[in-house]
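Here is the structure we will look at.
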Amino acid sequence: MSNYSEHEHFLLAELSDTLEPDSSASNLAVGMVFQLSEGTIQACNSAAETLLGFTLVQMQNSTSCSQLWQTIRADGSPFPGNDHPAMKALKTGQPIVGVVMGIYRPDGRLLWIKIDAQPLFQDANPTPWAVVTTFWQIPRPERALLPSVNSKPLFEGDSNRLTLLLVEDCHADQVAICRYLEHNSDHAYEVLVANTGAEGLEICRTTPVDLVLLDHCLPDLKATAFLKALHNLSNQPASPVIVITGQDNETTAVQLLKAGVKDYLVKGQFNAQSLQSSVRNVLRQAQFTEKIQRSNQKERLITQIGQKIHRSLELDKVLEATVQEVRQFLQTDRVLVFKLEPNSAIGHVVAEAVEAPWQSLLANSFEDPCLIQAYAQTYRQGKVTAISDLDREPVTPCYQAFLNHLEVRATLVVPILREDILWGLLIAHHCQGPRLWNPTEIDLLKQLSTHVGVALHRVELYLQIQQQLAEQQQTAQCLLESQERLQLGVQVAGVGLAKFDYTTNTVELSPEAAHLYGLPADELVVPRDLVHATFHPDERNELDEIIRQVLDPTGTGWFAREHRVLWPTGETRWLSVRKQVFFNGSGSSAQPAYAMLAAVDITDRKQIDIEREQLLAREQAARSQAERANRLKDEFLAVLSHELRSPLNPILGWTNLLQQKKLDENRTRQALATIERNAKLQAQLIDDLLDISRIMHGKLTLNTSAVNLEFVIRAASETVQLAASTKNIQINLDFPPHCIQVCGDAGRLQQVIWNLLSNAVKFTPSGGQVRILLTQREQQAEVQVTDTGKGIAPDFLPYVFEHFRQEDGATTRKFGGLGLGLAITRQVVELHGGTIRVDSPGENQGATFTVHFPLLLSAQSDSNSTDEIVTLLGLESAPLSDIQVLIVEDDFDTCEFLSLLLADAAVVTTAASASQALQALERNYFDVLLSDIGMAEMDGYMLMRHIREGSQQHNASIRAIALTAYVGEFDQQQAQAAGFQQHLAKPIDSEQLITVITDLIHPS
């Protein structure tokens, strides 16, 4: 309520006591309504509530223009709200008296009243602050003089016929109720009858029903169950229900009313008048509720569409959504927006919502033949054309033909004005039949057309603004093109620009320049010293001197240099800088004013230069290394050729003399000894090469056990004793009183000591001395081999243990060899977990080789027996008497040698091929098989697999030894896989062969 409430009621009380109606109304009830200056109703008396049919609560805050009121003039035409007496009195400030008005009550009854309106003033204010309206019903004699106007129908439409559904199982009650409805009724009802609840629900599901008369007790459904099922029907809103029952029970009535029943009648207690009254009241209440709901729906729709229109500049999409929602609200067949060509009757359908089966008109062009002559002026004035029935209402023949062509029976046309210019039409078509357009629907389309007109104006303004902006942008673009091209070029080139102000000692940097100097990008004006502080410390003094010279006015002021800067992150960058200083004044008195600087990052280029120099250095080093490697290879091949050919000369020479049989017994022994010595030398060279190959491929393996180093040293010294005696070199052995053991391969350890002793004997002149010292130092065994030989030059000491390296590789060298022995020695020592080093005071001062091995813990070892010494020294061989040996060898000389070697101790059978061997195996039993690998047709591997597969049952488990010049690690593995127990490399050592055969025959 307003703050004026008490004052308003006081005025009403005063007015009701003092205001006298005219004589014709002296005996009638007088209604009084109080409205504020904006027209809102704030108070009324009880007579007003009775006459109008509304309570104060329902009327409060409404105005004469509200949808609550539907009024007509005395001639039956609509009475607009703005022309009501109260509104005119507020507008003019003058009393309005004696106005006749027809007003429809909520029950649909038309009430004719006479109205007076009195404006109210405060103090000297000439503008009314409120108005009091008094009215009374016109007496019947006066009403007879008014034009005949029918009461408002219960439901708006083209017919006053209503459909009622009577659900009643008693035939007599059905007949009685139908008669009551027809008795003296002002309305025509179509009554549908159902005998059961299910039948009634089916009718409601398929047929629109305005009201349901429901028996309380049906054979299949109670009234409450029927109501629940009725509300669950989804095809349409539930119809209002009046329950008719024979039970006068207040509790039942309350329950039914709570369940949604609109009225409750007891059989035998109502007549035709009360039944018709109840039906009218319920229908009018439903109509009023629907009216309010549609009004609210209309307001929501207007608000929703208005917001869309005003928020969007995409008018096509907004119009499309608008016509869809409007058609849904109107429940009509077609809604469209028709855009007119300027000063023409031709238009285009730009938006449409249409329901099947009616044809779509979207994007079509039409010419309305009657538009210019009949309706154009009406539409330009903003007036609406509403045709409810095309066949009954007066329209021009051409317009009727136009609508018939579109199959339209009723139409509503609202103009769309853009600044008082007719832009187009918002049109609703009803094609199924006549359609009465109510004021709510007309008002909806009028408001929407206003929104569309405003939106059109906004779009036009927007397009004009866009065009102006485009022109301004084009002008600005032309002005900035050169600057943008320059800036783009600077950015693409990565150029940083800076302006040095020497009057303020500041520097204005571009973002690129700040980045180049490693300075923050958020502060582009910095002190000049801050820029100079980024100079690399190694170049800062030099750059400061150059800058001092550039600032000299007698110079050119030009600066160009590549230098480094140091970022705060510690990163160093290379910059290429160009700088020009500008001076104030001239001559030597001129002062530097400012300078422009351009810099680019050349770090990548500098890095490429550095990498190129490094690559060149690496390439030169690689070339030198390759040349050195090639030179070493050539030297090695020359040495290898020399070392292999040198033993061949005495072998071939003495062999030739032996064949001529011109040598005596002593010379013959000398010849044989020489041949044997040189052949062993060649075999040793080949073994060294194979060892190096195994070492380089990581395939050198050790057969480890506990080894007494004293036994190893004695065996190795015994091997070189003959060579030492020849040069009259004394070998001194120095052992500790206790046993020193290591874990290793006895054969390889003997090879290490033998290599060191051989080198010592080789490089020690005749009459010299070689000393071997075995000691224990903490947890290591130490072996020192010292000689009094030629020594080693200091610059060659780092290369002593490298492959194929010799201090003297010239053809004039005094000492032979491939330079592999010490390389093999180092690898074998390291495989045992040891170390080796060499010391030499200098040339001709001898050398000392020191080897360290990890000691073997006493708990892990057993003392070597005397038998081990004998085995290492090769002083004992096992007897081979009565052993059957089969030799398979396609080389005649080798076969003869092996046969002769074993003939004294074993029974020997020879075969020149694998096929001959198989024949021999079929005939005889053999203990041992000695077979070559590389043979024609069937090699040794194939022969061995053939034997192991069991074709010769008695020889399938024969002990087999492979004899071959293929001595690689893979060859040994392949021989074992084929079935050989042992693999011996050619040339064959006689003692080794006998030992291997003995071990196979007598494993223990």
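Placement of Cβ uses the backbone N, Cα and C atoms for every residue, glycine included.
Annotation comment: TrEMBL describes 163-282, 884-1001 as domain 'Response regulatory'. The 4-aspartylphosphate annotation in TrEMBL covers Asp215, Asp932. The domain 'Phytochrome chromophore attachment site' feature in TrEMBL is assigned to 314-451. What TrEMBL records for 482-554 is domain 'PAS'. The domain 'Histidine kinase' annotation in TrEMBL covers 639-857.
Counted as Cβ pairs under 8 Å, contacts with the domain 'Response regulatory' (884-1001) are highest for 639-857 among 163-282, 314-451, 482-554, 639-857.
Counted over every protein chain shown, other Cβ atoms within 10 Å are most numerous around Asp215 among the modified residues Asp215, Asp932. Mapped onto DSSP classes, the domain 'Response regulatory' (884-1001) shows 56 helix, 26 strand, 36 coil.
A gap of 122 Å separates the Cα atoms of Asp932 (4-aspartylphosphate) and Asp215 (4-aspartylphosphate). Under DSSP, Asp215 (4-aspartylphosphate) is assigned to a strand (E or B) in the three-state scheme.
The average per-residue pLDDT of the prediction over the domain 'Response regulatory' (884-1001) is 86, rounded to a whole number.
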